[in-house]
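Per TrEMBL, these features apply:
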TRANSMEM  25-51  transmembrane segment
TRANSMEM  72-95  transmembrane segment
TRANSMEM  107-126  transmembrane segment
TRANSMEM  138-158  transmembrane segment
TRANSMEM  208-225  transmembrane segment
TRANSMEM  237-256  transmembrane segment
TRANSMEM  287-309  transmembrane segment
TRANSMEM  321-340  transmembrane segment
TRANSMEM  346-369  transmembrane segment
TRANSMEM  381-403  transmembrane segment
Amino acid sequence: MSALAVLAQGFELPSIEFPYLGSRGIVGVVMLIHIFFATLFVGYAVGAPLLELWGRRRENPHARRLAYSLAHFNVLTFSVGATWAVMFLVLIVGLYPRVTAVLFTHFFWFFPVIAMTAMVLTLWLFYVHFYRSGRRNVAAGLAAAAFILLWQAILGGIDTFMVTGGDPGELPSQSGGDLTFGSLGAALDGLLNPMFYGMMLHRTFGNLSWPAFAAGAWAAFMYARSKTPEDRAFFDWASSAGLVWGAAFLLLQPFVGFLNAYSMQRSSGAYGRLMGVGGDTFTSDLLYINLVLVVGLFVLSNVGMYLGAGRHPERGGRVPIRFFGLVAAVSGLYAISPLAEFPFLYMRYIMLLVMVLATLGAFVTYLRGRAAFRYGSPGGGYRAVLLALGVLAAAVTLGMGWMKSNSRAPYTIYGQDEYRVEPQTPVVPEIVGRGGG
């Protein structure tokens, strides 16, 4: 009898099911909380050195102060996000040991080896050479940004592998009872699945967009607490910078989102659940809810730019921004209305395209007028819109993650019956005896 079998005879762990939420629910909640902090960390790890670089070249003290504030936020909150990540790992190891073992061994050279190395390098470069350094080493900050994007790509590749099951016809080469460390080539093939490229673009743009809206919301909130004219001018400028940064990447999201959905067609089952092929599903209902929230982001972005353009001494640009904003609002509302497929099937997508193009017009107009803006006295309506944008952007991010992961249910690796979303017995003598896992 093997040593593992002898050890297993000493204890027998029952399947675990959490009350009310269930195993899927508790894992999902913990992961969404981690995603909330991880998205902010990635966005600010990329944005802080870029703002520092821009601030130096333009001699803009507001940009450099905002760069430090974002880096300071990352330093203060990293441990919170990491704690929830550890809790997530504990839960999936305990509740879904077979699939966790398969993923950890199949992708061993990427996760944990390369991904964890990238995270350590990110923290070292970002904290020691960018945040604590009085000179604010931009090169170190940009290197940290590159490593955190590498970390994001690896975890995103594993995530999309679970949604698609890998390439069409590809089955896992391992089972819970016969685990070996996968080769680098096999792991890379699993990462570069049909959904990988679209998802990486979508996730990167999203991780730069909603943290920017969050920064704008923070600045709008802090403006009310500021005491000096210098602080008021900074927080007003920061709210405008967050709006511009967030809207710029928001404009790209629909295009990479459609690319992402198109790539999912190679995983027909998950795509069908997402799009409601053959009837509505919970996931397709989430898709519609997220579409409504995205339209809300576009409309509020236009409202924010219209109100923010009032900083111009001659209120220049407000008239064209108002026109573009009205076009974006009408087309967006039409796209989510019951009339969206009238007079023909693709009217919804045409209206969404009109909404994006109209928002682009408002964005360009707003951007051209920023050089003449006078900061320090934003209106209350503008600050309320920025706060709403921050909350709505967070809801969209978490909703998109929930929808994407739920599209593979009832599987943890799509299409593979041995890896269904069910609580599993971690180790029992019967499993060891028959070589299963």
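Positions of Cβ are set from backbone N, Cα and C atoms, glycine also.
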Stretch in 25-51, 237-256, 321-340, 381-403 most in contact with the transmembrane segment (72-95), if contact is a CB pair under 8 A: 25-51
Within-chain partners of the transmembrane segment (381-403) [C-beta distance under 8 Å, separation at least 6 from its ends]: 28, 31-32, 35-36, 39, 206, 209-210, 213-214, 216-221, 223-224, 239, 242-243, 246, 274, 283, 286-287, 289-290, 293-294, 296-297, 300-301, 303-304, 307-308, 310
Cβ contacts under 8 Å made by the transmembrane segment (208-225) with residues that lie 6+ beyond its boundaries: 39-40, 42-44, 46-47, 66, 70, 231-232, 235-236, 238-243, 245-246, 248-250, 253, 297, 378, 382-384, 386-387, 389-394, 396-397
Best-contacting stretch, by C-beta pairs under 8 Å, relative to the transmembrane segment (107-126) and drawn from 138-158, 237-256, 287-309: 138-158
Residues from the same chain, set at least six apart from the ends of the transmembrane segment (237-256), whose C-beta lies under 8 A from its own: 47, 62-63, 66, 69, 198, 201-202, 205-206, 208-210, 212-220, 223, 294, 297-298, 301, 304-305, 308, 311, 352-353, 356, 359-360, 363, 366-367, 370, 373, 375, 378, 382-383, 386, 389, 393
Residues of the parent chain within Cβ reach of the transmembrane segment (287-309), under 8 Å, 6 or more residues beyond its termini: 213, 239-240, 243, 246-247, 250, 253-254, 274-276, 315-318, 321-322, 324-325, 328-329, 332-333, 335-336, 355-356, 358-359, 362-363, 365-366, 369, 373, 378-379, 381-382, 385-386, 388-389, 392-393, 395-396, 399-400, 403
Chain residues in Cβ proximity to the transmembrane segment (346-369) (below 8 Å; excluding those fewer than six residues from its ends, i.e. six or more beyond): 244, 247-248, 250-251, 254-255, 295, 298, 301-302, 305-306, 308-309, 312, 316-317, 320-321, 324-325, 327-328, 331-332, 334-335, 340
